[in-house]
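J.: So TrEMBL lists these for the protein:
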type	residues	note
ACT_SITE	B:GLU265	active site, proton donor/acceptor
BINDING	B:HIS264, B:HIS268, B:GLU294	Zn(2+) binding site
Number of protein chains: 2
Amino acid sequence: MSFQKLDDLGRRLEAFSHALSILGVDEAVAMAVGGGEARAEAMSALAGMQHRQASAPEIADWIDAAEQEDLSDDQRAAVRELKRQYTNLTCLPVEFVEKQMRTRMRCEQLWRDLRAKKDWHSFEPALDGVIQLVREEAAMRADALKLAPYDALVEQYDPGTRVSDIAPVFNDLKSFLVDFVPRALGAQDNRLSKRPMKALSGSYPIERQRELGLAMMQAVGFDLTHGSLAVSHHPFCGGVPTDVRITTRYKTSEFLSSLMGVLHETGHALYEQNLPKEWAHWPLGKARGMAVHESQSLFVEKQIGRNPAFWAWALPVVERHLGEDWSIEDILPHVHHVERGLIRVDADEVTYPLHIILRFELEQDLVSGKLQTRDLPEAWDAKMQDYLGLSTIDSPGDGPMQDVHWPSGALGYFPSYSLGAMMAAQQWTSIAAAVPDIEADLSAGEFSRINAWRRDNIWSQGSRWSTPELMQRATGAALDATHFKRHLEARYG
Amino acid sequence: MSFQKLDDLGRRLEAFSHALSILGVDEAVAMAVGGGEARAEAMSALAGMQHRQASAPEIADWIDAAEQEDLSDDQRAAVRELKRQYTNLTCLPVEFVEKQMRTRMRCEQLWRDLRAKKDWHSFEPALDGVIQLVREEAAMRADALKLAPYDALVEQYDPGTRVSDIAPVFNDLKSFLVDFVPRALGAQDNRLSKRPMKALSGSYPIERQRELGLAMMQAVGFDLTHGSLAVSHHPFCGGVPTDVRITTRYKTSEFLSSLMGVLHETGHALYEQNLPKEWAHWPLGKARGMAVHESQSLFVEKQIGRNPAFWAWALPVVERHLGEDWSIEDILPHVHHVERGLIRVDADEVTYPLHIILRFELEQDLVSGKLQTRDLPEAWDAKMQDYLGLSTIDSPGDGPMQDVHWPSGALGYFPSYSLGAMMAAQQWTSIAAAVPDIEADLSAGEFSRINAWRRDNIWSQGSRWSTPELMQRATGAALDATHFKRHLEARYG
């Protein structure tokens with residue numbers, strides 16, 4: 001039976017995925033400095049074997065045959081999603097993939113060095129090499145998937161989402177934000193003139209911050225029998241659904257950035273821990289994509305974790321662990337701080353989407369060829385001035401060199417971040433409609449009704465639906481910027 | 001070129017070994033309790049794929065062809081050792097290996113439960129199933145390797161060592177120890193009557209013990225850029241040569257057992273860290289076997305770590321970390337404590353070999369069929385009474401049920417422990433002859449001359465020689481109990 005062959009294949013591929021995930025976590029958390037070369041060799045050999053097995057030509061026949069078999073609805077969905085993944089995996093020639101891998105890795109290495117030196121001139125040819133290959137990739141994927149070139153790239157990160165879905169909501173949000181950012185900053189100035197910001201600085205031992213993080217994770221729903229919290233240089237969520245590893249980093253002088261990071265990663269972890277277990281070794285059982293994943297992390301970090309009602313419960317928990325005595329009016333100005341800045345990863349939830357929209361617009365033009373790599377600094381600066389009133393023309397390191405995404409060839413990825421933020425707001429609206437008095441739950445540190453909705457509508461669905469379908473089914477409507485705008489108005493207006 | 005094909009194969013197999021090693025470490029050190037099932041599935045799938053690739057029939061042809069190619073001496077040695085491993089890997093039918101795996105795993109699971117309950121009666125049939133398959137295995141291996149059945153089992157753990165090598169030295173050692181144990185105990189009583197044992201109990205924070213362990217590891221030669229120290233339930237040495245993971249466990253009431261454990265595992269780690277890097281993905285570049293590996297751990301733990309000269313240097317280091325004030329006369333009675341006991345893993349270096357010789361004698365008879373599984377408790381008890389004057393007839397949990405080796409089918413493994421102890425003593429003799437005033441090095445915490453000898457003669461040799469050849473080349477003589485007997489006489493007589 002061909003379905004069974006695909007199931008067996010899934011178990012073999014899952015063994016590779018499991019190993020690669022845990023090796024990745026181990027590298028960031030536990031590996032000795034001298035272990036990197038052998039680790040890279042082992043992981044690249046394993047990834048190569050996995051790719052060869054996952055793209056074997058006979059799989060196409062098994063899929064065709066399985067589609068003719070007498071399958072349950074779940075099995076049919078599993079084959080459908082596997083077929084989608086197989087098509088995406090096999091539509092590029094092997095030699096092209098290898099050439100692209102080498103070009104990207106060289107450019108990433110160069111980027112690490114030249115970003116620090118702010119040397120756009122030396123970096124540009126390498127980035128241009130990557131961009132040219134992305135254009136080729138987009139053309140080949142477009143051909144195989146019957147999509148427009150940039151849509152074919154977005155499909156890799158966010159299945160089913162098209163520019164025609166993204167552009168209207170981003171345009172709506174952009175015109176809103178260009179007005180709203182100055183308004184939010186004015187409101188903030190006004191509040192601070194009445195009550196100046198109180199510094200949260202102090203001395204917070206790492207072990208206490210860790211206990212605080214663990215307490216918050218558990219309260220929000222993280223299952224510590226199927227996951228853990230460790231330390232790494234960059235926070236992430238990794239591991240496997242039965243053993244989700246999240247990490248954070250600590251400063252002893254400040255606790256809020258680590259704690260908000262833990263909440264963010266806990267959002268990712270809840271999604272992974274609650275995926276449908278019986279399909280864990282099929283694409284059907286995996287998380288839907290980057291935008292939905294980001295909606296889950298931002299849901300916990302922003303919708304829950306920066307909600308004043310949440311802090312009514314959280315503040316005593318923080319104080320119990322850190323032994324300080326703050327009022328909610330001391331904390332909220334930090335939790336809701338807004339500031340125009342050049343760097344995306346440092347941005348707050350109000351200004352963040354403008355960083356994303358800028359990239360979304362530029363990378364479409366890069367892929368179409370309308371924009372050339374050499375013209376990026378000027379194009380970036382012009383939009384940065386328009387959207388945030390800041391200039392990067394003299395500091396390319398804070399402009400088009402700031403992110404690793406383009407050097408690593410990941411064009412089509414950036415929209416996921418802000419799509420996720422808007423999805424989270426729309427999900428919150430739906431939960432608030434379904435669950436009366438939801439903020440009282442937050443104030444009580446009670447997350448079970450919220451999580452029940454998310455489990456039913458998001459987590460348990462795995463990859464059964466395209467991203468737009470998933471949102472439509474969960475919230476009863478297509479993605480719409482309204483909810484996110486209302487959310488910002490209410491919190492920062 | 002066939003040599004190149006074997007080299008490529010080695011890199012693929014090494015990727016699996018790397019993953020399995022790190023996944024094993026991660027399981028013991030970092031895995032969440034609920035992660036075990038998926039981890040076991042992933043590891044068993046990876047091990048299965050590795051085994052299939054390592055035993056593919058075309059490899060035999062590549063080996064034959066490579067032997068005809070124009071190779072360097074190193075390459076020739078590499079092919080020779082690969083061929084040995086391939087023969088050992090492929091001489092059992094796949095169905096037999098799978099049946100044996102299931103039988104062993106069931107017996108091990110049963111053992112975990114029934115050992116605690118001391119229930120020999122329920123355990124015996126499961127163990128007998130394993131023993132019967134071991135007899136079949138030994139016969140098949142004997143046939144393929146042209147060895148006697150038990151020798152063919154020993155070959156898996158300790159290549160090149162035969163019963164004809166082991167039996168004479170074990171017999172020599174046994175007759176010595178049956179007299180010497182009472183003598184050592186008498187000498188100890190005599191010392192203690194003059195100066196009673198001073199308890200080392202106190203309160204030693206884990207973080208300080210960890211720092212002490214790290215300081216000792218580094219002093220003895222452990223490279224912390226290629227390895228680390230962590231915590232696990234059972235101490236072990238794992239990981240890969242470029243990133244060797246050793247573990248220990250801590251009691252806050254006592255520091256010596258953890259520290260001696262760290263020294264033991266550091267001995268294993270030094271071997272792994274100093275294997276020939278250019279052959280890391282070939283059998284040639286791996287450690288020679290269990291006996292040689294144990295000789296390296298026991299060298300550091302017993303020859304170095306329990307040497308009074310070592311403690312002249314180590315005691316101030318311990319005191320610096322733990323803040324106590326002991327005299328060397330306080331420490332040595334603990335470091336050199338001798339006691340007759342039922343349990344092998346708790347035994348000191350004087351009584352330990354008697355536990356091993358008992359098992360070596362019994363398992364030969366089990367393999368030959370001279371001894372039946374059901375008669376083990378009586379046979380065990382008889383030897384225990386002869387060798388150590390203790391009876392286990394009423395406590396099978398402390399008799400033939402105490403170790404996991406037999407339930408897991410590892411007959412032929414036990415001799416390695418005491419062969420290793422004797423090799424370490426013989427290596428010490430050779431170093432002392434080559435390096436004048438060696439104990440002054442210990443007293444100065446200076447290990448570079450000692451390690452230089454070990455690097456040249458043991459570590460850098462990888463699997464180039466059989467175990468007896470390696471000893472012959474390193475020490476100029478075949479393994480001989482004399483050095484170990486002299487060592488015990490000097491320390492405990």
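Glycine is no exception: its Cβ is also placed from the backbone N, Cα and C atoms.
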J.: Given binding-site residues B:HIS264, B:HIS268, B:GLU294, which are under 8 Å from chain A when comparing Cβ atoms?
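T.: Out of B:HIS264, B:HIS268, B:GLU294, none lie under 8 Å of chain A.
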J.: Determine which residues of this chain, when B:HIS264, B:HIS268, B:GLU294 are set aside, have a Cβ within 8 Å of the centroid of the Zn(2+) site's Cβ atoms, and list them as they appear in the sequence.
T.: B:CYS237, B:GLU265, B:GLY267, B:HIS293, B:GLN296, B:SER297, B:LEU298, B:VAL300, B:GLU301, B:GLY420
J.: Tell me, if you would, which residue among B:GLU265, B:GLU294 (recorded positions) has the fewest other CB atoms within 10 Å in the structure shown?
T.: B:GLU294
J.: Is it possible to get the count of other C-beta atoms within 10 angstroms of the C-beta of B:HIS264 (Zn(2+) binding site)?
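T.: There are 23 such Cβ atoms around B:HIS264 (Zn(2+) binding site).
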J.: Would you count the other C-beta atoms found within 10 angstroms of the C-beta of B:HIS268 (Zn(2+) binding site) for me?
T.: 22
J.: In DSSP terms, helix, strand or coil for B:HIS268 (Zn(2+) binding site)?
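T.: B:HIS268 (Zn(2+) binding site) sits in a helix per DSSP.
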